[in-house]
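TrEMBL lists B:7-32, B:69-90, B:102-122, B:165-188, B:215-234, B:273-294 with the feature transmembrane segment. The domain 'ABC transmembrane type-1' annotation in TrEMBL covers B:65-295.
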Amino acid sequence: MTAISLSGIEKSFGATSVLNGIDLDITDGEFLTLVGPSGCGKSTLLRILAGLEAPTSGTVAIGGIAVNDMRPARRNLAMVFQSYALYPHLSVAQNMMTPLKLRDLPLAGRLPVLGPLIARTRYRAIIEQVRDTAQILKIDHLLDRKPGQLSGGQRQRAALGRAMVRKPVAFLMDEPLSNLDASLRIHMRSELAELHRALKTTFIYVTHDQAEALTMSDRMAVMMDGQILQLGAPDEIYNDPRELRVAEFVGAPKINLLPGSVDKEGHARCLDLPLSRVTTDAPAGPVRIGLRPEHLSLCDKDVSESFSGQVVHKENLGADIYLHVAIMNASQRLVVRVSPVEGRTVSFGQTVHVSRERGQAMVFGNDGRRLDLSRSLAEDVAEVA
Amino acid sequence: MQSTKAHWWFVGPALFLMVVILLMPITIAGALSFTNYSLGNPGADFVGLDNYEKIFTRSTYEKMFGATFRYVFVVVPLSVGLGLGAALLINSTRRFGDLYKTIYFLPVMAALIAMAIVWEFAFHPTIGIVNSTLERGCGSFLETWHWYAKGCERGFPLWLTDRDYAIWTVAFIGIWQGFGFNMVLYLAGLTSVPRELYHAAEMDGAETAWDRFRLVTWPMLGPTTVFVVTISFIRSFQVFDTVEAFYPQGGGPSKSVYVMMFAIYEKAIQQNLMGIGAAITVVFLAFVMFLTLAQRWLVEKRVHYT
């Protein structure tokens with residue numbers, strides 16, 4: 001079932017166009033991530049969905065009903081902001097009560113002192129709800145504190161609590177983890193994913209961090225320049241990017257891109273090494289060949305089809321070591337993932353030989369589009385070379 | 001550790017200036033308030049609490065307190081309220097915001113003593129624009145208002161010289177003059193309210209402008225409000241130039257506009273009664289001090305959230 005659908009969304013601020021025709025259907029209960037570099041329009045898209053910004057054209061529909069003219073307050077969405085946007089003068093409990101009070105209490109019940117007396121039973125229900133939510137998020141001991149007295153992670157939870165306390169159609173999250181330190185961010189990633197599994201509500205999550213998108217989402221939409229370049233499961237986006245820009249954006253360290261060419265028969269060559277697969281649908285000409293660092297490995301000098309170059313930089317991440325190897329007279333740089341055992345013996349300036357894992361190279365045409373390769377002629381290639 | 005005298009050189013200049021231009025004059029005023037000193041006299045007699053006794057018993061000073069408090073408690077709430085209202089309105093318009101700001105701020109910049117002359121004309125019983133405008137309304141539905149009908153019949157009040165109206169008229173001019181200043185302070189305060197809080201309020205279901213004001217604007221303006229209210233109190237306690245311009249002969253009809261600043265001026269400067277002038281000054285300082293401290297204790301704690 002489609003919970004939310006965006007069709008033909010365009011947005012421009014004056015002459016600057018921010019979103020160019022976004023179509024997106026979000027299924028009920030899925031965790032969808034909008035990911036892209038800053039300025040790609042992902043936050044604007046989320047704010048259009050929330051109703052905080054009006055699209056220049058296009059339709060936003062929630063549960064099959066167009067909500068373009070509906071106030072944000074009526075759309076029944078909950079949002080977690082990057083700055084958390086907690087009310088600094090209210091305690092955590094009062095912060096979490098606010099959405100319930102504003103929605104469920106009549107005007108008289110919201111009076112400062114008399115309110116709790118007038119609508120006593122509803123008040124009790126609200127407090128109960130707040131306490132339950134706080135327990136889920138493990139912030140029940142912080143309910144009486146003001147946001148200013150909380151740490152970043154606790155504020156994050158309080159903001160989540162304020163969003164969770166009523167049952168919204170979907171949670172919208174605008175880079176909620178970007179203000180946390182690295183270890184807490186990684187911890188919250190798994191917690192958010194667990195929370196999503198427990199709540200079974202739609203999550204729409206905006207981030208510029210491809211790692212967050214890859215780890216948490218059911219589907220991710222890679223956005224750039226106001227367009228969705230590719231939409232799919234994280235696996236698919238990583239292993240099968242349809243565009244050069246997607247391949248470059250997703251994956252850390254970045255994919256290695258080498259110049260190559262395709263000849264008339266469709267044989268692609270990377271530098272002067274032929275690939276074992278051929279393309280069927282591309283004209284002959286220069287192409288770009290993408291090789292992920294994990295598909296490269298060190299080899300002996302005499303292995304055929306290897307690159308050789310000098311190690312110019314070594315990144316030790318503990319479990320992996322990334323070697324930066326300058327090849328082709330230092331005109332190109334390759335990042336190679338090696339295991340710590342292999343990497344330990346390698347030193348700067350040393351000449352190493354790198355071979356690729358067969359069948360993993362991605363070929364991108366001149367226009368940035370991915371060219372499909374087929375294996376059918378795999379055996380012939382060696383002879384051609 | 002070797003002890004040096006460097007710290008005295010750091011705090012010395014500030015301390016010296018504070019003592020010379022702040023603490024010493026106050027101490028001297030305090031000391032003078034226990035004497036019957038007059039400028040030019042070789043000496044003065046110690047009179048104990050006589051001066052203070054006069055202030056709290058004589059009917060002139062009773063009128064002084066009456067006029068001062070009437071003025072203060074009308075001008076402060078209204079100029080703060082109007083300042084906030086104007087700031088919210090200007091903040092919400094996209095066009096002409098700067099123009100409105102300038103217009104409302106003009107009275108603050110204009111010299112009040114000059115403006116007082118304009119107001120004196122406006123309130124003049126026969127040639128003034130105020131009463132002639134009011135007279136035009138006679139015969140219309142406005143006469144259903146009892147006060148208005150009476151005005152049409154027997155003439156509208158002499159705003160500045162009727163003792164029932166004088167202090168309120170002066171207070172009105174005080175509001176007119178002061179609210180622009182508060183507006184500018186509130187405008188500055190409004191720019192520091194994070195926009196995301198309004199968005200959060202909207203997402204939380206605050207549909208009406210009043211809800212958003214209650215939930216975000218008013219609490220976030222708390223520190224500004226404390227400052228604005230304190231400043232307004234001090235400024236309206238210090239009102240002097242309108243009174244001096246309208247009533248140079250002393251305190252208006254039946255001394256109904258005999259505010260404290262004017263009393264100090266009249267006693268100490270015009271009549272050269274330094275002792276009593278100093279005593280009023282001390283009382284005045286005590287009021288301002290008390291109000292400022294009360295503000296801090298009562299409100300400050302609750303408006304700074306971090």
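Cβ atoms are placed via backbone N, Cα and C, with glycine included.
Automatic prediction, not curation, is the source of TrEMBL annotations.
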Cβ-Cβ under 8 Å with the transmembrane segment (B:215-234): same-chain residues at least 6 beyond its ends: 72, 75-76, 79-80, 83-84, 88, 178, 181-182, 185-186, 188-190, 192-194, 197-198, 201, 204, 206, 288, 291-292, 295, 299-300, 302-304
Closest-packing stretch to the transmembrane segment (B:273-294), where packing means Cβ pairs under 8 Å, from B:7-32, B:69-90, B:102-122, B:165-188: B:7-32
Folded-back contacts onto the transmembrane segment (B:7-32), same chain, C-beta under 8 angstroms, at least six residues removed: 44, 274-275, 278, 281-282, 285
